[in-house]
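K.L.:
Okay, handing you the structure first.
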Amino acid sequence: MAKLTVKDVDLKGKKVLVRVDFNVPVKDGVITNDNRITAALPTIKYILEQGGRAILFSHLGRVKEEADKEGKSLAPVAADLAAKLGQDVKFIPGVTRGAELEAAINALEDGQVLLVENTRFEDVDGKKESKNDPELGKYWASLGDGIFVNDAFGTAHRAHASNVGISANVEKAVAGFLLENEIAYIQEAVEAPERPFVAILGGSKVSDKIGVIENLLEKADKVLIGGGMTYTFYKAQGIEIGNSLVEEDKLDVAKALLEKANGKLILPVDSKEANAFADYTEVKDTEGEAVDPGFLGLDIGPKSIAKFDEALTGAKTVVWNGPMGVFENPDFQAGTIGVMDAIVKQPGVKSIIGGGDSAAAAINLGRADKFSWISTGGGASMELLEGKVLPGLAALTEK
């Protein structure tokens, strides 16, 4: 990566601005998944060990009007971070700018941390954070000593005041360890993979993955398709899909992708079908590709699991984004489990999960520790897989 990183700058005695991704699920004031906080610790600890004074920025959820602030304060995150760091984390509830915040920042000593309140509280008055208001970016940049560390891969595909805005107004904008690793794993996998390189794409909609499929058909040796989008590809070929999910307006796109794929695109050969999505009374495997009338496909079937297992044999690089079925339901998780197990058993494989539901599946189904890398950013990793330039990354200082 030809951008400066946190190791390229002198941090001692400096007020260092850091964009982290603490957008974690909070229920009744309790954090239900702290993975993103844990992922930011190496960068924060490094800054503190180097004698820097860390000023952290993050958003939490969507805030459009005053009422949305309820339950969106970063207060629980400040408490959780303090426990993880084993030291006090300064935090002023409800405050994203002003004299009180400036005084607290100026009072920081080397090795101390302050977390600014949810950056999206600034969205209440004209979406200043989300629309990258130039004055807000300039103001936040003025709170530090000319160094900005972006470690929020999860928002790197967005141009916000707290990442791109600050970057434009500091002497040096550098990557943190998490951002550096995310780019190294995902971009390298796509641009310079050890081959055979197999991509696996699941999820419900073809429309979400068109750009990714197109890019990966050029870069990968094989692209395996599963999940709900299977049925749009089926229908495009005239295969019966019963009541399965389909995007009627994407049938032409699916047909064009199949033609362009030249045999690289591998579809399931059977499904696990049910007679309803939720209150079903019958679940069975289809004979072949066709889904029975009155049924809908909710997972790939056993023949598909075997076919995908075979397609993955010998793979050296695997990128997986999107589950094979409705994995949250035990009746429809065999496909996702089967594919995960097929990936991780390959000797010497570099296995990467592109965030989102696939990451949740690996964690919930106990396979997370077997993968080389699990991305913290669903949308950002998708855009990297699509070959797009991420604004948050582009805004960093060149080496």
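Positions of Cβ are set from backbone N, Cα and C atoms, glycine also.
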K.L.:
Return the residue out of Arg36, Arg97 that Swiss-Prot annotates for the same substrate site as Asp21, Phe22, Asn23, His59, Leu60, Gly61, Arg62, Arg120, Arg158.
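P.N.:
Checking Arg36, Arg97 against Swiss-Prot: the substrate site match is Arg36.
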K.L.:
Considering Cα atoms only, can you say which of Lys209, Glu328, Gly355 is the nearest neighbour of Asp21 (substrate binding site) among these binding-site residues?
P.N.:
Gly355
K.L.:
Distance check, please: Cα of Gly355 (ATP binding site) against Cα of Asn23 (substrate binding site), rounded to an integer number of angstrom.
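P.N.:
Cα of Gly355 (ATP binding site) to Cα of Asn23 (substrate binding site) measures 14 Å after rounding.
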K.L.:
Here are some binding-site residues: Gly61, Gly297, Gly355, Gly356. Which one has the most Cβ atoms within 10 Å of its Cβ?
P.N.:
Gly297
K.L.:
Considering each pair of residues in Lys209, Gly297, Glu328, Gly355, Gly356, Asp357, Ser358, all listed as binding ATP, report the largest CA to CA distance in Å, no decimals.
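P.N.:
If we measure all Cα pairs in Lys209, Gly297, Glu328, Gly355, Gly356, Asp357, Ser358, the largest is 24 Å.
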K.L.:
Could you check the binding-site residues Asn23, Ser358 and say which one's CB has the most other CB atoms within 10 Å?
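P.N.:
The largest 10 Å Cβ neighbour count belongs to Ser358.
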K.L.:
Around the C-beta of Arg120 (substrate binding site), how many further C-beta atoms are within 10 angstroms, looking at every protein chain?
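P.N.:
Its Cβ has 25 other Cβ atoms within 10 Å.
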K.L.:
Going by C-alpha positions, which of the binding-site residues (Lys209, Gly297, Ser358) is nearest His59 (substrate binding site)?
P.N.:
Ser358
